[in-house]
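Here's what TrEMBL has on this protein:
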{"type": "DOMAIN", "residues": "41-296", "note": "domain 'G-protein coupled receptors family 1 profile'"}
{"type": "TRANSMEM", "residues": "25-48", "note": "transmembrane segment"}
{"type": "TRANSMEM", "residues": "60-86", "note": "transmembrane segment"}
{"type": "TRANSMEM", "residues": "98-120", "note": "transmembrane segment"}
{"type": "TRANSMEM", "residues": "141-164", "note": "transmembrane segment"}
{"type": "TRANSMEM", "residues": "197-225", "note": "transmembrane segment"}
{"type": "TRANSMEM", "residues": "237-259", "note": "transmembrane segment"}
{"type": "TRANSMEM", "residues": "279-298", "note": "transmembrane segment"}
Amino acid sequence: MEWENQTILVEFFLKGLSDYPRLELLFFVLILIMYVVILLGNGTLIVISIWDSHLHTPMYFFLGNLSFLDICYTTTSIPSILVSFLSERKTISFSGCAMQMFLGLAMGTTECVLLGMMAFDRYVAICNPLRYPVIMSKDSFVPMAAGSWIVGVINSAVQTAFVIQLPFCRNNVINHLSCEILAVMKLACADISGNEFIMLVATTLFILTPLLLIIISYTLIIVSILKIRSSEGRSKVFSTCSAHLTVVIIFYGTILFMYMKPKSKDALNSEDLDATDKLISLFYGIVTPMMNPLIYSLRNKDVKEAVKHLLRRSVF
């Protein structure tokens, strides 16, 4: 009987917002607008960080990586979400779902580690300015950024491999907007405690450890700022890292709430909880990448000047 209840799935049905058909058109327009803003905003940051020689520093190298990462991350899910809103048959192939799950988790992990690297860069710049050129040389910050990508890919490959090997029953309805790893794991008709343990270890290593590095870095930065006597000096130093700190709060606030809150098997089947997770996932996956370039451009004089120079050059 147990064998009869199992089948080889070839596709999943993404439930998304199908229970709210009137909202689908509204969300299609909103998400499409936000996706365009993500592409334009992050694309502009990448262009100016390459074009303007004044921005050829570790900080803007990391920022360029973050912008490229946000473009890649949103592109793995937003186009398929937009198509599902307009399609009656909201399905995705098993292989397509696995690829989406792999890319999404890889990009998310990479961003966690990259934000930790950026916090360390700000710590060195503010607390050890004389040693900054030595510590954050090209031989250092390039491998740091590359390491973030490698860690993200390896972590995602391991977790995705364990999930796709799970036996799936006839229930192929993913109550989510995309193939999010937690939503897919719920469909397995097997003990997923091993997968949950692997996710817990990965969360500790690649989410909590970078967060700890960020907390330590900014604690030391705040101590250094308080030692500056002039209020103008304190304001100037704080403005150099306020944008990054804002991004960290938004990014980690949503991801920790989504992945670290306690979840039981019964709770995961709650419609109210699923609706909440969908909104959190939407905020984490779309709103945060859209806000990143806005936060960095609005709070950074160097970026503003580079944009002005780029516009003048394009006009003349």
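Backbone N, Cα and C atoms are what each Cβ position is placed from, and that goes for glycine too.
Note that TrEMBL annotation is computational and uncurated.
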Tertiary contacts of the transmembrane segment (98-120), as residues 6+ beyond its ends and Cβ separation under 8 Å: 59, 62-63, 65-66, 69-70, 72-73, 76-77, 80, 92, 141, 144-145, 147-149, 151-153, 155-157, 159-160, 163-164, 178-181, 184, 202, 206-207, 209-211, 213-214, 217-218, 244, 247-248, 251-252, 255, 285
Leading stretch by Cβ pairs under 8 Å, where the reference is the transmembrane segment (141-164) and the options are 25-48, 60-86, 279-298: 60-86
Intrachain neighbours beyond the transmembrane segment (197-225), with Cβ under 8 angstroms and 6 or more residues off its ends: 109, 112-113, 115-116, 119-120, 122-123, 126-127, 151-152, 155, 158-159, 162, 181, 234, 237-238, 241, 245, 248, 252, 255-256, 259-260
Of 60-86, 237-259, 279-298, whichever stretch has the most CB pairs under 8 A to the transmembrane segment (25-48): 60-86
